[in-house]
Each structure stands twice: as structure tokens, then as C-alpha cells.
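Per Swiss-Prot, the features are as follows:
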- 98: active site, nucleophile (ACT_SITE)
- 123: active site (ACT_SITE)
């Protein structure tokens, strides 16, 4: 069972209660704190589109604490981050692994942050296939295409050479917040809010 805190605010019309995530959304904060799947991607995408409609010139903050997940769901979030007019600032809290790290790097340049004790992990996409040999071959080729696309984008976002990204993502590659800054995944390790 998931518990979601309720925030009560006083207004000129009396009291108003919000779940904590709706209250944070009023301040243009989105929290991605779960596995990335179609459901979480739909929620994040909808919130970004809503915030763009509310004010297309004001930044959106995306807090990430995620073990990663589905590549296609992650690309839905990534593409929306690039599509919306407001800059999307990314902040790693806890862990940004796999697609979570990819989305962390996808934030607006100069606006990608990690808290000091957070961890970042990149690796190649995971997949599996069953069935006839021809179908398995088709799926394997598709995973290689996706791997190359992820590596190319990560190279562009970090400034690292494509070949280095290929080597580093061959296996799980863990980084501290400072190491992620040196790598180019984040721009700054932030100890206190500015």
C-alpha cells in the first residue's frame, strides 16, 4: 500500500487539501520515483504538457529517483522533455540508473543536478526473446539499434566520445554525483537549494 501525504492550505475560501504531488506540481515540480514504465511515463508526460500549457516560459523541475525501466517509456519522457517549450531541469535524488540516468542527462544543459550522495548508473539496454530463430534474430537486431541510439544521444548530452560511451555501457557503470559531473551527465552537484 502506498501512502501519499496530504497538504492542507488556507485560502480566502477556506481550507484546500492536495496530495503532496499535486501541491508540488503547482510549483512546477515533477517527481519520478519509480520504475519507468508506460504508466509512470504517461503521468510524467501529462504533467510536463500541463505545465507547458500553464506557462511555456517557466522552467519545469524533474526530480529523479529511479532504477530505470522500459526504453520505449523512457523515450516517451525524453522526447517530451525536448518537445516542450520550457526548459526541463533534472535533479537526481537517491539513484538514477539505466533509463533514469539517461533522463537525468537529458535535462536542459546547465540545469542538470545531483545531490551529493546520489548515485548514477549507465548500462546497455536489456532484452530477451523467445520463439523461432528468425524472430530472435529480429529482436536482437532491434536491441542493437536501440543500444546505438541510446549511446549516440548519451554521447551528445555528455560530450563524451561515442566509443567511450560504448565501452562504459557494456556493463553496469556506477558513478558518484561528482563522477557523474566529471562525466557530463550532470552540470553541478548541489548541496543546498539556490
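Heads up, the Cβ atoms here are built off N, Cα and C, so glycines get one too.
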Neighbour tally for the residue listed as 'active site', based on other Cβ positions within 10 Å of its Cβ: 18
Distant-in-sequence Cβ neighbours of residue 98 (active site, nucleophile), under 8 Å, six or more positions away: 67, 68, 69, 121, 122, 123
